[in-house]
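Asker: Starting off with a structure, shown below.
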């Protein structure tokens, strides 16, 4: 019973780890496009079509 619980716990941890990697690749698209995540109040940059972690930031190429 204890072994079954440990296997289940390992499965849950692996599932969390893989979902976290998918989330990080989604937010690294800005860096791959040559941009950086900046606050929306910054001026003088062109906005790129990529997502940032914070909803108050956008992907910006200076």
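Each residue, glycine too, has its Cβ placed from N, Cα and C.
Annotated disulfide bond per Swiss-Prot: 30-59, 37-52, 45-60, in sequence order. Among the features that Swiss-Prot reports, signal peptide is placed at 1-20, with the record citing sequence analysis.
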Asker: Using DSSP with the three-state reduction, classify residue 45 (disulfide bond) as helix, strand or coil.
Answerer: coil
Asker: Provide the three-state secondary structure of residue 52 (disulfide bond) computed with DSSP.
Answerer: coil
Asker: Could you work out which of the disulfide-bonded residues (30, 45, 52, 59, 60) has its C-beta surrounded by the smallest number of other C-beta atoms within 10 A?
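Answerer: Candidates: the disulfide-bonded residues 30, 45, 52, 59, 60. Fewest Cβ atoms within 10 Å: 45.
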Asker: Among all the protein chains here, how many other CB atoms are within 10 A of the CB of residue 37 (disulfide bond)?
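Answerer: Taking every protein chain into account, the count is 18.
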Asker: Rounded to the nearest Å, what's the C-alpha distance separating residue 45 (disulfide bond) and residue 59 (disulfide bond)? Just drop the number here, would you?
Answerer: 9
Asker: I'm trying to understand the geometry here, so how far is the Cα atom of residue 60 (disulfide bond) from the Cα atom of residue 52 (disulfide bond), in Å to the nearest whole number?
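Answerer: Distance (Cα to Cα, whole Å): 10 Å.
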Asker: Which of the three DSSP-derived classes (helix, strand, coil) applies to residue 30 (disulfide bond)?
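Answerer: Its secondary structure by DSSP: helix.
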